[in-house]
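Copied from TrEMBL, the annotated features are:
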type	residues	note
TRANSMEM	34-55	transmembrane segment
DOMAIN	46-294	domain 'G-protein coupled receptors family 1 profile'
TRANSMEM	67-89	transmembrane segment
TRANSMEM	95-111	transmembrane segment
TRANSMEM	146-175	transmembrane segment
TRANSMEM	195-220	transmembrane segment
TRANSMEM	240-262	transmembrane segment
TRANSMEM	274-296	transmembrane segment
Amino acid sequence: MNCCSSCSSYSSSEDNMNSSRRFDSYSEAFTKNFITFVLVFTIICINGAFVYTYFKSKDFQRDPRYVLYIHLVINDMIMLTLSLGLVIATYTGNPGFIPCWIMLVVLITTNRNSPLNLAGMALERYIAVCLPLHHVQICTVQRAHLLIALIWLVSFIPAFTDIIIILITQTLSVFSKTVFCNASLVFNTPYHETLSLVVEVLMFSFVFLTVVLTYLNVLLAARGVSGVGRASMRNTRNTILLHGVQLVLCLLSFIAPFINLFLVTNWPHKRTDIFFSTFVFTNILPRLLSPLIYGLRDKKFRGNIRKHFCFKGCRTVEERMKVRPRRTSKPAIH
């Protein structure tokens with residue numbers, strides 16, 4: 001049930017993988033796949049509501065803040081769909097090397113997109129508050145789209161480099177083989193491990209510093225403002241703080257292998273249960289919390305979602321309340 005090197009939820013060696021599969025009975029495998037499917041389907045439906053709301057409103061599409069936000073949501077939907085596909089493939093059969101490599105490259109890329117997207121959103125909020133006169137010129141929809149393209153490029157290059165390392169270190173016959181589609185098994189050379197470690201440390205150091213510095217600058221700027229401006233800065237400060245929470249949620253998928261190693265070492269007989277639990281809590285659930293804590297907190301987004309998805313029901317209730325005659329109290333009989 002391993003999705004990618006950074007969101008690893010299963011063992012890092014083929015022996016561990018085989019032993020974990022032997023421990024799963026048919027009913028256990030079915031239950032885990034069913035739970036995974038239900039969770040992923042639910043999250044995709046919720047995120048789909050945000051995407052639908054975004055594309056139904058021109059105001060959202062003209063705001064770079066929402067452009068970056070909806071990219072984060074769509075990015076998570078792609079990652080979850082591929083994760084579900086690899087989970088099912090774990091139990092149904094092994095794909096060829098090339099289809100597996102394509103899925104892993106997209107999966108690793110989308111996983112690394114999330115923290116970079118959060119950094120872009122934090123910078124946009126910082127510019128909106130600390131450089132309000134320049135916000136319109138700096139933060140445009142076109143530049144938001146360029147930033148998204150840059151994010152994909154930065155995340156794709158290390159993932160593409162993984163296959164270059166395979167071409168250099170292994171024979172071409174590997175491309176004709178069927179493989180267990182697990183990043184730690186496909187990209188298993190010391191060069192891959194070094195590359196992954198360097199990229200992840202650099203990426204999260206950059207994102208962490210970006211979020212912290214923008215938060216501190218907004219916090220300092222808020223001290224000299226009062227009234228409506230202070231309330232706006234407080235809202236922006238809380239928004240950037242939420243980006244920090246989202247970043248922590250993203251970090252969970254990167255520390256999952258270490259959690260697995262610690263737990264499996266102490267409870268080896270619970271191997272598959274540990275792998276499944278950490279996969280759900282470090283990869284799936286954060287993708288549910290991430291858009292909700294940001295999207296539903298936004299009054300404009302929340303109002304439009306209510307308009308598109310519960311407007312008819314709310315209108316029916318309101319009409320019934322208006323039509324229903326008011327009860328008048330009967331005069332008391334003395």
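Any Cβ shown, glycine's included, is placed from N, Cα and C.
Of the ranges 34-55, 67-89, 146-175, 195-220, the one with the most Cβ pairs under 8 Å to the transmembrane segment (95-111) is 146-175. Contact counts against the transmembrane segment (34-55), taken as Cβ pairs under 8 Å, peak for 274-296 among the stretches 146-175, 240-262, 274-296.
Take the transmembrane segment (67-89) and the stretches 146-175, 195-220, 240-262, 274-296: counting Cβ pairs under 8 Å, 274-296 has the most. Computed over the domain 'G-protein coupled receptors family 1 profile' (46-294), the whole-number mean pLDDT of the model equals 83.
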